[in-house]
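According to TrEMBL, the feature domain 'CBS' maps to 8-65, 72-128.
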Amino acid sequence: MEKIREIMTDKVESCSLLDNVFEVAVKMKDLNVGAIPIVDNDKLVGMITDRDIVLRCVAEKHPASSKVEDIMSNDLITVSPDASSREAAKLMAEHQIRRLPVVEGDKLVGIVSLGDFAIRDLTDDQAKQALTEISESNYNGIQH
């Protein structure tokens, strides 16, 4: 089974705590991504998704100039680059997440997503089932 280091995206764009929600949204649009890590001196401190922006900013009628730290998720599930793809798939399934930051210590070194598993067909049957459950529950509107 492959290590996350071998399948993760290692050139990860990020934003800082100094950015506001508008700046993050523009960067996400320009990069065509649904989530972006928030770092402070290379230390991963949060993650913001398009869903976070909608639910915690737009739907709450907060201005686009709101601080990133006010709407980002900071209780993050992460994985080591030396973890197996099976371990990462299990974490993603248990926590119903599509993207998993890869960290060494506190430093962000990459990100792995459902798509990384899908295009490589690396997972065993148990991991495939777990990842299928994430996709199905998200598709059915149960959780994103």
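Keep in mind that glycine also has a Cβ here, set from the backbone N, Cα and C atoms.
When pLDDT values are averaged over the domain 'CBS' (72-128), the model yields 85.
The helix, strand and coil residue counts that DSSP assigns across the domain 'CBS' (72-128) are 22 helix, 16 strand, 19 coil. Counting residues per DSSP class in helix, strand and coil order gives 20 helix, 17 strand, 21 coil for the domain 'CBS' (8-65).
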